[in-house]
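Annotated features, as they stand in Swiss-Prot:
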DOMAIN    7-72  domain 'J'
ZN_FING   147-225  zinc finger
REPEAT    160-167  repeat 'CXXCXGXG motif'
BINDING   Cys160, Cys163, Cys213, Cys216  Zn(2+) 1 binding site
REPEAT    177-184  repeat 'CXXCXGXG motif'
REPEAT    199-206  repeat 'CXXCXGXG motif'
REPEAT    213-220  repeat 'CXXCXGXG motif'
Amino acid sequence: MPASKRDYYEVLGVDKKASNDDIKKAYRKLAIKYHPDKNQGDKAAEEKFKEATEAYEILIDEKKRSMYDQFGHAGVDGMSGGGGYDPSAFQGFEDIFGGSFSDIFENLFGGGFSSRSSGFGGRHAGPVRGSNLRYDLQISFVDAVYGKKAELSYTRNEKCSECHGTGSESGSSKRMCPDCKGTGQVRQSTGFFSISRPCPTCGGEGSIIEKPCKKCGGNGLERKKQRIIVTIPAGVENGKRITIPSQGNAGQAGGDYGDLFVFIFVQAHPYFERNGIDLYCAVPISMTQAALGGEINIKSLDEKTLRLKIPAGTQNGKLLRIRGEGVPTGIGRKGDLYIQIQVQIPSKLSSNSKKLLQEISAIEGENENPNLIPLKDLP
């Protein structure tokens, strides 16, 4: 045994009187922490995993543990798996993990684990769906309310026009990968486990291109400009995502296209605001219009002329409503338009206007001791 080999009890972090349950719990913690598929490319983690596995194999076995306690590493030289695969090592192994060991690692690493065969999943030979794309579209307030058709221009991966996505030159073909025998996976034994990884020779494809396409370099894809017409529905809200199926990147090995996600960003309007399906605006009226009432013309969001009735005695800030002039819902109805009244008080008066107001004041009488108004009664 190499002099540098650490004490097995120290490796697992238990004392020499530790029970089998203590050893199992300690190993479980280390196995999950340092497993190679959780720490891909981390050689230090892989070595710690092998070290913990070797220590567990010795200390969990009563006879091996007794020999180790008496003679140290020299007494158990050659008794551990040494990184190889030993089916007998799985006897009672699921008990360490409180049930299905494969379920635990499937949750940790994304599926496909089998302690005896297939390992931790990974890329398999076969069609791969293309990735989704995002497009941010800025539209006007008016277009958001009433809808529109918009032309989108963007670049995406498409199947190579020369090889039609095969990656091979015309007349050429693919051959089975000699290393993985067409499975796209290679198996590596580590302690208790047999782990499958994507084949480095074929990149997990299961086959090798003999003569790569000169246009795409063998990946079967090329970048192209794409132009599509998208219907923006009436009433679309700011931040809404619209999904356009199959307008994302092309897949590989016959895989489907991904989707295009169009995110809507609505510009502010100088005169109108929106709350759900209702629209809001503000109009000024004179103090005589507010006092006497009457009718005025206002412009709607779509430039129609609307007639608005002002009740006599209308107060500043009052909300008036015109039904059916709000946001279309797409189900045959529309929201309403709310108009906030802003009573304009003149800052300068002509002599005649001042005289008339003084006469009104004399008739009405000025209240020098007004009572407070409850805040709930304010418009």
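Glycine too: its Cβ is placed from the backbone N, Cα and C atoms.
Each residue in Ser161, Glu162, His164, Gly165, Thr166, Gly167, Ser168, Pro212, Lys214, Lys215, Gly217, Gly218, Asn219, Gly220, Leu221, Glu222 lies on the same chain as Cys160, Cys163, Cys213, Cys216 and has a C-beta within 8 Å of the C-beta centroid of that Zn(2+) 1 site, without being one of the site residues. By the count of Cβ pairs under 8 Å, the stretch nearest in packing to the repeat 'CXXCXGXG motif' (160-167) among 177-184, 199-206, 213-220 is 213-220. The Cβ of Cys216 (Zn(2+) 1 binding site) has 21 neighbouring Cβ atoms from other residues within 10 Å, across all protein chains displayed.
Within the same chain, residues at least six positions away from Cys163 (Zn(2+) 1 binding site) with a Cβ under 8 Å of its Cβ are Glu169, Ser170, Cys213, Lys215, Cys216, Gly220. Summarised by DSSP class, the composition of the repeat 'CXXCXGXG motif' (213-220) is 0 helix, 0 strand, 8 coil. Helix, strand and coil counts under DSSP for the domain 'J' (7-72) come to 48 helix, 0 strand, 18 coil. Cys160 (Zn(2+) 1 binding site) has a Cβ environment of 21 other Cβ atoms inside 10 Å. Helix first, then strand, then coil: DSSP counts for the repeat 'CXXCXGXG motif' (199-206) stand at 0 helix, 0 strand, 8 coil. Using a 10 Å radius centred on the Cβ of Cys213 (Zn(2+) 1 binding site) and all shown protein chains, the other Cβ atoms total 22.
Secondary structure of the zinc finger (147-225) per DSSP, as helix, strand and coil residue counts: 0 helix, 37 strand, 42 coil.
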